Each structure stands twice: as C-alpha cells, then as structure tokens.
Amino acid sequence: MSFIDEAKVYLKAGKGGDGCSSFRREKFIEFGGPDGGNGGNGGSIIFIASHHVNTLIYFKYKQHIKAENGHPGLSKNKFGLSGRDITIEVPIGTQIYDEEGTLITDLNSENQKFIVAQGGKGGIGNSRYKTSTNRAPRYFTLGEQGEEKWIILKLKIISDVGIIGLPNAGKSSFLASCTNSKTKIANYPFTTLEPELGVAFINNTELVLADIPGLISGAHLGYGIGDKFLKHIERCSILLHIIDCTLEDIIDSYKCIRKELSLYSKALTEKTEFILLNKCDLLDKEEISIKKRLLAEHTKKEIFTSSIKKSKQHILSILIKHINKDCSINKPFIYDPFNT
C-alpha cells in the first residue's frame, strides 16, 4: 500500500431541503389551515481519527466528496428526511488546513471527531408561520446551502520512538528485529522510502517505533527524501539515533543528522535522544570501544551498541522506562498494520 501523508480534497455538504407550503384538504373541512412541513437538514461531512487506518490513501482516489441533500418538507406537517452524513476515518495525527494554509483542527486522539463541512439547515414549512392574525400563511423558506470548501490534509505520525540516522545505518533491520514490522531491508541507501511503524512488547508494555527514511545533509532543503518525513519526527516522544559503526567518521555522521534536525525545527533537537552504535558485529571489540568512547565524549551521552546477534531487549527496556517516567506524555494507541 502506498504511503500518502498529504492530500487536497474538495468537500460539499448537503443542501437543506425546502420547506413546504400546503393546506389541509379533507372532506367537510372547509378551512383546514396550513400543514406544510419543514425540510430535512443537509448531510454533513465528518472526519474521525481511527487506528484502523494509517495513511491518507483513501483521498488519492476520492478527491471530491459530496454529502446528501435534505429532502423537502411534505404536506400533513411531515418533515423531509435529513441527508445522510458522511463519516470518513483518517489516521490519528491528521491535521486539517484550509486553502490558505491555516490550521483548522488536529485529530490527534482515538475517536476524535470533527465536522469539516456542515450541512445546510432545512427550510421552514408554512404551518410554522401560522399566527392569530395570519391563519393561512402561504410563505415558506428554502433550505440553506451546505458548506463547500477545499481542504488540505497533512499526516504526522504519532509514535513513542522515532528512529533516525543516515541511509543504510541499519534502522530498518533494527525495527524488524525487535518488532513485527515487515519493512524492506537491503544493503543500499534509501531502501526505506516511507515511514514504517512497528510495535514491540516488553514486559506486557507496548512500544511504538517509527522508522523515518534516511536523512542526508541538506534534507531540510529537499535533498534526498528526508525532507518529506522530517515532520513525522515532531510527533515522536523520544528519538533513537542509530549510527553505523563501520563509518570512518561517526562524529561527522552524528553531527550531520543533528544539524538537519536543528535547521528544520529547533524543537526536534530538544527531544530526548538515545544513541545506538549499530553493526558492531563487523568490528572487533577494541575498535568498537574506541568509537564508543569518542562518541560519548562528543555527545556527553551514554552510547549503546547493537549487532545482528545481540538482543535488543536492553535498549527497548530503557526506552520504555524513560517514556513511563514522563507523566506528561499521553501515550496514544497506534495502529500496527501487521498485527491484524
């Protein structure tokens, strides 16, 4: 399935049904009086955040959405049927903008609803205009037009841990080894072309990890493919920075990613970061020790190591402990597309 995280959609809510102008006509009743009913309301278009979807691909094939009009009122004081609402599920983390780019709402929690296009109100039938001085009104009102607009949808993935690093650092391999993600893995840059989600379970605790496609120098300006996905890092609670230990200059590798984060948004550099030296099975212990020490001196942070054979449980447990310590983080439920 294609990963679509932006879409432009035309919405037209239903028009309200017209009110009815009619009079009661029955045998032996000479002056039956007005009995025109109200028109039904037009259908609205509603978006609801759901873990059942994780991409905006629905809008790739459905770019024009129109709700049903309300039915006109009828005689005998019968109200017209209201148009059916259209309710569309969107991924948790979907932001809705108007055409000018102004944020309308942010659907960032499960089952959060928002009426994006309101249906028009039904018209009033002539029976409602009857008064003591006007016993036989003939006038009625037309139904109101429903809202009509273009909107822009943008998806920012919500996850506990955002996995970042240069292309081919082993991010996808790490995700696949500790979760049930079936992401594509190969020994060349930009294997991952779209964010991948995986769910790890440590001591019955769920940890959602997002593999962000590899960033390169200049990603914030559009180089490589990272600029399309830097926004997804904003919704991650913490960052796991994976570095290929076989690189000659691991400090430069680290600084490259940190620079791109700061140039995109200073807030990204303020997120808690854990550093993982990957592919340690390709070097001897002395080389790993030297690189680990150099990186620790530069970053002033604890450096973790990983290899194909080494269990990932230790680093995952540390990540979960850190997230659980922060009571301000409201852990969302994220759909795992491979656990169905």
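Every residue gets a Cβ built from N, Cα and C, even glycine.
Lifted from Swiss-Prot, the feature list:
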type	residues	note
BINDING	165-172, 190-194, 211-214, 278-281, 306-308	GTP binding site
BINDING	Ser172, Thr192	Mg(2+) binding site
DOMAIN	1-158	domain 'Obg'
DOMAIN	159-325	domain 'OBG-type G'
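In the three-state DSSP classification, Lys171 (GTP binding site) falls within a helix.
In this structure the alpha carbons, written CA, of Ser172 (Mg(2+) binding site) and Ser306 (GTP binding site) are 13 Å apart. For the recorded site, Gly165 (GTP binding site), the DSSP three-state label reads coil.
Neighbour counts of Cβ atoms within 10 Å were taken for the binding-site residues Asn168, Ser172, Ser306; the minimum is at Asn168. Ranking the binding-site residues Lys171, Lys279 by C-beta neighbours within 10 Å puts Lys171 at the top.
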